[in-house]
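Checked TrEMBL, it gives:
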{"type": "REGION", "residues": "36-86", "note": "region 'Disordered'"}
{"type": "COMPBIAS", "residues": "45-59", "note": "compositional bias 'Low complexity'"}
{"type": "COMPBIAS", "residues": "60-70", "note": "compositional bias 'Polar residues'"}
{"type": "BINDING", "residues": "K234, S338, A339, F340, L341, E412, D427", "note": "ATP binding site"}
{"type": "DOMAIN", "residues": "302-519", "note": "domain 'FAM20 C-terminal'"}
{"type": "ACT_SITE", "residues": "D407", "note": "active site"}
{"type": "BINDING", "residues": "D427", "note": "Mn(2+) binding site"}
Amino acid sequence: MPGLRRDRLLTLLLLGALFSADLYFHLWPQVQRQLRPRGRPPGCPCSGRASSAASAASSNPGTVAHNFSQAGPGAEQDRGGRSSPRSKLQALFAHPLYNVLEEPPLLGPEDSLLASQEALRYYRRKVARWNRRHKIYREQLNLTSLEPPLQLRTEASWVQFHLGINRHGLYSRSSPFVSKLLHDMRHFPTISADYSQDEKALLGACDCTQIVKPSGVHLKLVLRFSDFGKAMFKPMRQQRDEETPADFFYFIDFQRHNAEIAAFHLDRILDFRRVPPTVGRLVNVTKEILEVTKNEILQSVFFVSPASNVCFFAKCPYMCKTEYAVCGNPHLLEGSLSAFLPSLNLAPRLSVPNPWIRSYTLAGKEEWELNPLYCDTVRQIYPYNSSNRLLNIIDMAIFDFLIGNMDRHHYEMFTKFGEDGFLIHLDNARGFGRHSHDEISILSPLSQCCMIKKKTLLHLQLLAQADYRLSDVMRESLLEDQLAPILTEPHLLALDRRLQIILKTVGDCIEAHGQQRVIADVPAQQSARDSGQANLTS
């Protein structure tokens with residue numbers, strides 16, 4: 001009997017110890033939190049500022065540095081007057097090189113790509129045609145909809161982007177519509193999806209004489225959004241940390257969605273403004289492609305994989321098998337969205353073979369690959385003998401060398417701006433494939449012609465300085481994208497390495513031919529002569 005009482009006592013003591021521990025470790029902290037004054041947590045004097053800044057940033061998607069005119073100089077300060085880390089990207093866009101006036105100045109309608117009233121009438125007709133076709137399509141399927149017909153909003157970001165294209169570039173440095181367009185492409189719902197023109201060309205739906213035929217691994221779609229804007233969607237085909245195998249030819253390489261995004265940011269940083277605005281987005285392939293497409297062929301290539309992921313592939317005469325499909329996870333799929341340029345009916349474009357085009361056979365060589373004096377031949381051919389076209393080709397080669405793109409077989413330009421018009425840097429998805437290799441042959445236009453615009457050289461030299469290092473400003477710029485990180489660190493560091501190769505090539509040309517012969521001091525740079533901090537002869 002005494003032993004039984006002793007056991008009971010030990011049990012009571014154990015229960016009491018457990019209750020005391022629960023009271024001390026669980027109940028008492030909750031009582032302390034209830035008694036603590038409502039306000040800033042102790043030991044975190046910056047939490048109020050951090051939360052307010054975060055809420056302000058999330059409520060205003062247009063605060064990113066896509067508007068060059070909003071970039072502030074130097075280091076920023078917090079409310080207490082302490083210096084915070086300086087934004088190199090903002091400092092770059094505040095530099096005088098990015099604030100010099102364009103020359104020659106825009107004088108009138110002839111300097112803008114589109115006549116605004118004509119363009120708006122054209123787009124209104126397109127919207128009306130869309131509404132009629134959409135109504136017929138729904139009637140054929142016996143579908144009812146309470147949605148009102150689409151209306152063209154002249155303030156839509158894609159409309160303003162089109163109206164803002166001028167002879168200096170696809171958008172101006174101070175344009176507020178680029179950041180708005182990126183935001184809209186990222187968030188607006190899709191109302192239709194279809195194959196792009198080159199996939200249709202393979203099916204005999206349109207003329208493909210100016211189009212390089214894609215294979216099944218190069219799938220891209222045209223998505224239309226609820227504001228009637230359009231974008232080219234390229235799905236993710238390769239992981240960011242994967243390098244293109246060394247044995248791959250450039251014309252069978254994957255097209256990378258992140259390369260399209262990074263190319264837009266690099267083009268903007270170089271102040272070329274020749275790549276259409278491009279943004280990353282997670283697309284629901286079921287709701288935003290399959291359920292909105294009216295193309296029966298596109299509908300037929302959707303399937304559910306053994307892993308229960310929704311997939312689809314290109315429908316074309318060759319290499320179009322399920323092993324080349326792209327798949328969601330299970331529905332969401334990464335991709336890039338590139339804004340469409342104005343219709344060819346409004347703004348005709350010329351597609352011209354690149355003089356430094358590569359051979360698209362397994363063993364062929366082009367003349368420029370065999371003849372180091374090839375540029376002398378090009379200089380004698382119109383229009384390269386009487387305009388800035390050759391300098392624009394060299395700009396394009398510098399851009400392609402930085403991203404590692406060997407697939408620039410053609411270039412396009414708006415016919416309205418004549419022979420001196422800028423080249424549009426379209427289709428950059430084969431860039432950023434190999435960070436460990438620098439393809440020097442891409443620089444052949446620069447090394448063989450030994451010419452470069454002064455504006456281009458000033459920007460390159462600025463980006464080689466520590467305060468504006470190219471990899472740093474690219475890293476910061478790419479963080480604005482929803483799919484960040486866009487590039488791996490080796491790709492970012494490769495930009496700095498390739499920039500030094502470009503500057504060394506220019507230096508070798510100056511040493512061989514003299515600065516006056518190499519650097520083209522075009523009128524647009526006269527006002528920036530003393531503003532740049534670069535030393536042209538360094």
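Any Cβ shown, glycine's included, is placed from N, Cα and C.
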Check the binding-site residues E412, D427 for other C-beta atoms within 10 angstroms of each C-beta and report the one with the most.
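The most densely surrounded of these binding-site residues is D427.
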On the 0 to 100 pLDDT scale, where does the domain 'FAM20 C-terminal' (302-519) sit on average?
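So the average pLDDT across the domain 'FAM20 C-terminal' (302-519) works out to 92.
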Report, in whole Å, the straight Cα-to-Cα distance of D407 (active site) from S338 (ATP binding site).
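Cα-Cα distance, S338 (ATP binding site) to D407 (active site): 18 Å.
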Measure from the CA atom of D407 (active site) to the CA atom of D427 (ATP binding site) and give the result in Å, rounded to a whole number.
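Rounded to the nearest whole number, the Cα-Cα distance is 9 Å.
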Taking 10 A as the limit, how many CB atoms besides its own sit near the CB of F340 (ATP binding site)?
17
By Cβ count within 10 Å, point out the most packed of the binding-site residues listed: A339, L341.
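Per the Cβ count, the most surrounded site is A339.
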Using the residues the record lists for ATP (K234, S338, A339, F340, L341, E412, D427), what whole-number Å value is the largest Cα to Cα distance?
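Binding-site diameter by Cα atoms for ATP: 20 Å.
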Please tell me which one of the binding-site residues listed here (K234, A339, F340, L341) sits closest to D407 (active site), measuring Cα to Cα?
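Out of the listed candidates, the nearest Cα belongs to K234.
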Using a Cβ-Cβ cut-off under 8 angstroms and a sequence gap of six or more, which residues of the chain neighbour K234 (ATP binding site)?
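Spatial neighbours, sequence-distant, of K234 (ATP binding site): L219, K220, Q255, H257, E260, G335, S336, S338, A429.
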Please compare the recorded positions S338, D407 by how many other CB atoms fall within 10 Å of each one's CB, and tell me which has the fewest.
D407
